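A short worksheet on the structure shown next.
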Amino acid sequence: LSLLRFISAELTRGYFLEHNEAKYTERRERVYTCMRIPKELEKLMFFGIFLCLDAFLYVFTLLPLRVFLAMFRFITLPCYGLRDRRLLQPAQVCDILKGVILVICYFMMHYVDYSMMYHLIRGQSVIKLYIIYNMLEVADRLISSFGQDILDALYWTATEPKERKRAHIGVIPHFFMAVLYVFLHAILIMVQATTLNVAFNSHNKSLLTIMMSNNFVEIKGSVFKKFEKNNLFQMSNSDIKERFTNYVLLLIVCLRNMEQFSWNPDHLWVLFPDVCMVVASEIAVDIVKHAFITKFNDITADVYSEYRASLAFDLVSSRQKNAYTDYSDSVSRRMGFIPLPLAVLLIRVITSSIKVQGVLAYVCVVLFYCGLISLKVLNSIVLLGKSCQYVKEAKMEEKLFNPVLTATPGKPAGKQQGTFKSTQGISTDENGSTSVTNQPVHQKENMPSLLVTSNSDQFLTTPDGEEKDISQDSSELKHRSAKKDLLEIDRFTICGNRID
C-alpha cells in the first residue's frame, strides 16, 4: 500500500508557486531583463560610437582649421598690440600642440615599413600570432590609460598661469613625452592591424577563427565578478571604445587589401564575410557579457539609459560658454579613446595606399575634405539634438545651469561660492562675469572636506543588497545620487586612475 501511495503521490503532485510569489516574480523579471539587454545595450553602443566618430572626425576637419586660425593670430599679433598678457589663448595653444604632434608623428611613421612588418608577422606560427594579438590588446589598454594623462599634463603645463611657482619639468620635456607616446601607440595599433590583416589573408582562416574565439574568453574574465553600476559604466565605455577601434582597424585592413588587388571591387566581396564575422562576434560577446553581468548583480536594463544620459550630459555641457575643456578630450577621459594615434596611423595608411596625381585628383581631395566637414557638422548637430533629448528625459537639465554646491563644514556656502563655483570648473572674474578661457580654480584646502561630505562617495560605499530594505523615498534619493555619481566618473580612466 505504501508503494502504491508513493507512486500515486508522484503522479498527482502539483506545484504551489503562489506561496512564493515574490521569488518567482523576481525570476521572471530577470528573464525579461536579459531579453531587454540587447536592445538597451545597442542603443548605448550606437550613441557612443557616434560620439567617438565625432571626436575622431574633429582631428581631420576642425583641428586643422583651428590650428590655421591660431597660427594666423600668432603671426598677426603685432597688429593687435600686446594688450593681453597671453600671446595666445589656452585653447589655441592646445590646438597648436595637437597639430604639431600630429605632423611630427606622421613623418616619423614614414620610417616604419608596413610591408616589412606584414611579412615579418606572416612568417610566424599561428600560436605565436595568437599570443602576440593578446599581448597587443593588453598593451593597448594599459598605454591608453596613461596616454591621456601625458597629453593633459602637456596641455596644463603649456597653459598654466606663469605667476605660479614652477612645479614641473618644463613644456619641452612634456612635449617630447607626448610625441613619443603618440608614436609608440600608433605603432602598436599598426601591429594590431597587421596581425588582423594576416589573419584575413591566411588560407585556412584558422588564425582568424582563433582570434575571434579569444573574444569569448573575455566573458570568463568579467561575468563572474562583482560589479556595481559605476564599474559597469566604465566597462560599457571601454566596450564602446574597443568596438570603434575595431571598425577603424577593419577599414585599414580593407584599404591595404584593396591596394594589393589594384582596387578591384570584386575583392571587396571576398573580404565582406570575414568583416561580418569579426563584427558579429564582437556584438555577440558584448551582449552575452552584459546580460550575465546584470543578471548576477541584480542590475536592471534601465541603467543603460542612465549611462546614455550621462554621456549626453558631457556633450551638452561642452557646448556651454563655461565649458573648461574640449569635447574630444572629454571623450578621451570618459572612454579611454584617444584619437591622435589612430588618426596618425589612418593618415599614414591612406597616403601610402592612394596616390594623388594631377589637378583632378587634388580637386577630389578638396571635395572629400568638404564632405568630411559636412559629415562632422551634421553628426554634431544630430548628436547635440539627441543629447538634449536624453538629458531632458533624465531630468538632468538643472545640473547644467544650477550646479549643486557642496558646503564645507564650518563655512557658509556663500563664501565658498566665490572660490569653488562648481564641479564643472566655472570661475568668475572680478566683474562677476563668467570666465570662458580661464582654467578652473580649485582650492586645495577645501578639497578634503568636499570629498568627505560628497553624496557620491556615500553612494559608492553603499552595498547593493541594502537598497532593497530602504523605503521608497530613500530609493528615489539613491536613484538621483546614482545619476550624479555617473557624472563624476569622468575623473577616472579605464584603469581607475584620477586625472583631475
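Glycine too: its Cβ is placed from the backbone N, Cα and C atoms.
Positions annotated as compositional bias 'Polar residues' by TrEMBL: 416-441 (among others).
Feature annotation from TrEMBL assigns compositional bias 'Polar residues' to 451-461 (among others).
What TrEMBL lists as compositional bias 'Basic and acidic residues' is 468-482.
What TrEMBL records for 407-482 is region 'Disordered'.
Beyond the ends of the transmembrane segment (45-72), by six or more residues, the same chain brings 88, 91-93, 95-96, 98-99, 102, 236-237, 239-241, 243-244, 247-248, 286, 308, 311-312, 315, 327-328, 331-332, 335, 337, 339-340, 342-343, 369, 372-373, 375-376, 379-380, 382-383, 386 to within a C-beta distance below 8 angstroms of the stretch. Here TrEMBL flags 45-72 (among others) as transmembrane segment.
Residues or ranges marked as transmembrane segment in TrEMBL: 93-112 (among others). Residues of the same chain lying 6 or more positions beyond the ends of the transmembrane segment (93-112) and with a Cβ under 8 Å from any Cβ of it are 59, 63-64, 66-67, 70-71, 74, 154-155, 158-159, 175, 178-179, 182-183, 186-187, 190, 326, 340-341, 343-345, 347-348.
Annotation source TrEMBL lists transmembrane segment at 175-200 (among others).
Remote same-chain partners of the transmembrane segment (337-354), defined as residues 6 or more beyond its termini with a Cβ less than 8 Å from a stretch Cβ, comprise 52, 55-56, 58-60, 98, 101-102, 105-106, 109-110, 114, 144, 147-148, 151, 182-183, 185-186, 188-190, 193, 240-241, 244-245, 248, 251-252, 255-256, 258-259, 328, 331. Per TrEMBL, transmembrane segment is recorded for 337-354 (among others).
Here TrEMBL flags 360-385 (among others) as transmembrane segment.
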